[in-house]
Amino acid sequence: MTRKQRRGVLIGTCLAVLGVAVGLVLYAMRDSIVFFYGPSDVAGMEMAPGQRFRLGGLVEEGSVERGTGTTVRFVVTDGAKTLPVTYTGVLPDLFREGQGVITEGVLEPDGVFHADNVLAKHDENYMPPEVAAKLKEQGVWRDETGADGPESKVN
Amino acid sequence: MIAETGHYALILALAVAIVQMVLPVIGTRLRDPQLTAVAVPAAQAEFILIGIAFIALTTAYVTSDFSVLNVWQNSHSAKPLLYKISGVWGNHEGSMVLWVLILALFGAAVATFGTNLPRQLQANVLAVQGSIAVAFLLFIIMTSNPFARLDPAPFDGQGLNPVLQDPALAFHPPFLYAGYVGFSMAFSFAVAALIDGRIDAAWARWVRPWTLAAWMCLTIGIAMGSWWAYYELGWGGFWFWDPVENASFMPWLAGTALLHSALVMEKRDALKVWTILLAIITFSLSLMGTFLVRSGVLTSVHAFAVDPERGVFILGIMAVFIGGAFALFAWRAPLLSQGGLFAPISREGSLVLNNLLLTVACAAVLVGTLYPLALEAVTGEKISVGAPFFNLTFVPLIVPLLIAVPFGPLLAWKRGDLYAAAQRLMVAAIVSLGVMIVALAINQKGPWLAPLGIGLGVWLLMGAATEIATRVKLFDASSTESWRRARNLPRAAYGSALAHAGVGLMVIGLVATTAWRTERIEALAPGGTVDIAGYQLKFEGVAPRQGPNYQERVAVFEVTRDGNPVTELRPSKRAFAVEKSATTEAGIHNSWRGDLYVVLGDELKDGGYSIRVYFNPMVRLIWIGALVMFFGGGVSLSDRRLRVGAPKRAKPKSKTATVAAEGR
């Protein structure tokens, strides 16, 4: 093999791998991206049936209903609009009424958001940036992450 | 007083670091040996000064000096001693001090033990290290002073976030930082080589041990974090493709590639420019990890209340170092000579393939991590890129690499024989196929890909065994000859075989637990039972208990298997009064088949509890694999050829000795 051919093999392999990678990324981008909405966004848009998204906001005070089974119902609010949520499973430790929450799942035709994932946060003073931004849009933002909040870091 | 001493030591360290950054470079330019020699004592002094600052901060934590703001925010007098100490780096300011301490430790090590380095290279390396220290010390002193005082001093502290009060997590950050910062050595050597415009195989011999040590620390640090997430967060998951996890995983991928390309450079004097570039990329990714975690730009379970000003500062540091290094690379890299030709099918060729796939997989992770940021900046839409994206992109890129791994070590340098390698791997292939067929036969549920994954793991294990067997000519030579060869085999060979076997174990664990995990969520009243994976769990009830700094409710489960008692599991929910927070402690029973994992949920209206039970088959192989990789790295590091400062082996006397050495 000449030097030129060797270089050709090398460059060809690199291009092939890169091409496959770009293809995979583009394909995955189309199918596996999850959008984030607040209750007001959801009210104002047509959702394709079965489309997964993340719903964020505050857990409305007094809305958490625990039955005798493992299904929990609560209402997520951003101050302007609300959306009822059901979730089957064990809630994270820091799930509380009046606190920020992010849930992931599907909006069913009955108007209830069926969450299969409720995200836990490590810090009780932490407000997910998306939730904070949505709350600011709706004008119900309270500065909960005051200067006296413990800051912590895992990494 | 102690806090002020620490603060003062930090400022002195900054001054010393500025000297360390400037004088040696001027010295090497002017060829002034005295100016050049300043680098060594400066690096040692910098380490001592930052050490004093770190000890001062630790003292403040251990003695619970709440007049120090940082201690008040992150500690409490009732906390166990271990967590008072780990509290030092359980927060932003303290963890930055640990970061620069490790940086200075590596610098001091090069200064003290690098006496066999060419003076000029050593001085330039220390100068680059000094410049990194200057940037981060400035950052600490200007935006994140850990020694700020509170007046009047409060009576008691606010406590450390309870999920961080855990032994594995106490040591997770130091290992992770040692990994991140360790790659700064490779970066400094790369930049120093670019400044010099000279690079040779000896350069790679000096860089390899540092990179290997950093890689080992990062491996064990990531594994600890994942182990902690598994048993502490109560989700039973071990990897979430969370942006901050990705931030530590990307330098690991690039670092793994760097280890392999430095090997080519050391042995064959080839891939020089690429190795330099990879060293710069690896450390750039480490810096990016630091930025992503501390700037608050990402949503992640790891990101906490943060100050945007700090983010801008770290972004500035990143821009200077990454931009500067790439500019220097573009300017100077053409000066570096090209070396060693090789055929596409050869040891070099296989290592190039390794590098190609690792860096492309790393790029895919990078895209998935940064895409949400880019999209939000451009369109304002908020998205999350989760596990499905990474499973679709990362996995298909890394699987071909894993299939190729056993071939690499069996190919000769320069020109290899793929057919001969394949013949040697025949036994490994047959065993893997056999395991795959057995797995396929007993795989009643779960995806059809899972048995292939198990087969891949066995293939890696068998491949590692084949490599050693081939090298010692097992069954081809007499047993005494094989034994003699086994003893004479360089430790680096055992190290790489162990590391590759560790990857195999990890693959088996990942595949088994992902494909065959079972999960039950039940509402149970005391006396109720759950059946899972052949176990029966009887819920005995919940009792309160007082811990050192928390109250907990402990549930008791009797576990039986076919009517025989197995164990008693006690998952609990802990309430931390000081921190006003709660944690979940899972009850885990470990057997060779896998982990039985029980989590206590909320109390229900009728006095029952919601209970979550998992069975995670062979999940521990994931961390055992990481440990094996770590030990493989350690064995390789103990090879005398890599030992820093070890004298070079005497020249082989006869021709046969030369041939034997090349055969390795």
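From the backbone N, Cα and C atoms, a Cβ is placed for every residue, glycine too.
As written in TrEMBL, here are the features:
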type	residues	note
TRANSMEM	B:6-26	transmembrane segment
TRANSMEM	B:38-62	transmembrane segment
DOMAIN	B:89-295	domain 'Cytochrome c assembly protein'
TRANSMEM	B:96-114	transmembrane segment
TRANSMEM	B:121-142	transmembrane segment
TRANSMEM	B:207-229	transmembrane segment
TRANSMEM	B:273-292	transmembrane segment
TRANSMEM	B:312-331	transmembrane segment
DOMAIN	B:315-640	domain 'Cytochrome c-type biogenesis protein CcmF C-terminal'
TRANSMEM	B:352-374	transmembrane segment
TRANSMEM	B:394-413	transmembrane segment
TRANSMEM	B:425-442	transmembrane segment
TRANSMEM	B:448-470	transmembrane segment
TRANSMEM	B:618-638	transmembrane segment
Folded-back contacts onto the transmembrane segment (B:273-292), same chain, C-beta under 8 angstroms, at least six residues removed | 99, 179-181, 183-184, 186-187, 189-191, 193-194, 199, 204, 207, 211, 243-244, 247-248, 250-251, 254-255, 257-258, 261-262, 264-265, 298, 311, 314-315, 317-318, 321-322, 325-326, 329, 333, 336, 338, 355, 359, 362, 366, 369
Given B:38-62, B:121-142, B:207-229, the one sharing the most C-beta pairs under 8 Å with the transmembrane segment (B:618-638) is B:207-229
For the domain 'Cytochrome c-type biogenesis protein CcmF C-terminal' (B:315-640), what's the model's average pLDDT?
-> 89
Close approaches to the transmembrane segment (B:448-470) from elsewhere in its chain (Cβ under 8 angstroms; 6 or more beyond its ends) | 399, 402-403, 405-407, 409-410, 424-425, 427-429, 431-433, 435-437, 439-440, 486, 489, 493-494, 496-498, 500-501, 503-508, 510-512, 514-516
Sequence-remote contacts (6 or more beyond its ends) of the transmembrane segment (B:38-62), Cβ cut-off under 8 Å?
-> 2-3, 5-7, 9-10, 12-13, 16-17, 19-20, 23-24, 27, 68, 70-71, 75, 81, 84-85, 87-88, 94, 97-98, 100-101, 104-105, 107-108, 110-112, 122-123, 126-127, 129-130, 133, 137, 146-147
Outside the transmembrane segment (B:121-142), at least 6 residues beyond either end, the same-chain residues with a Cβ under 8 Å of its Cβ set are 10-11, 13-14, 17-22, 24-25, 27-28, 36-37, 39-40, 42-43, 46, 50, 93, 96-97, 99-100, 103-104, 106-107, 110-111, 114, 184-185, 187-189, 191-193, 195-196, 203, 310, 313-314, 317, 320-321
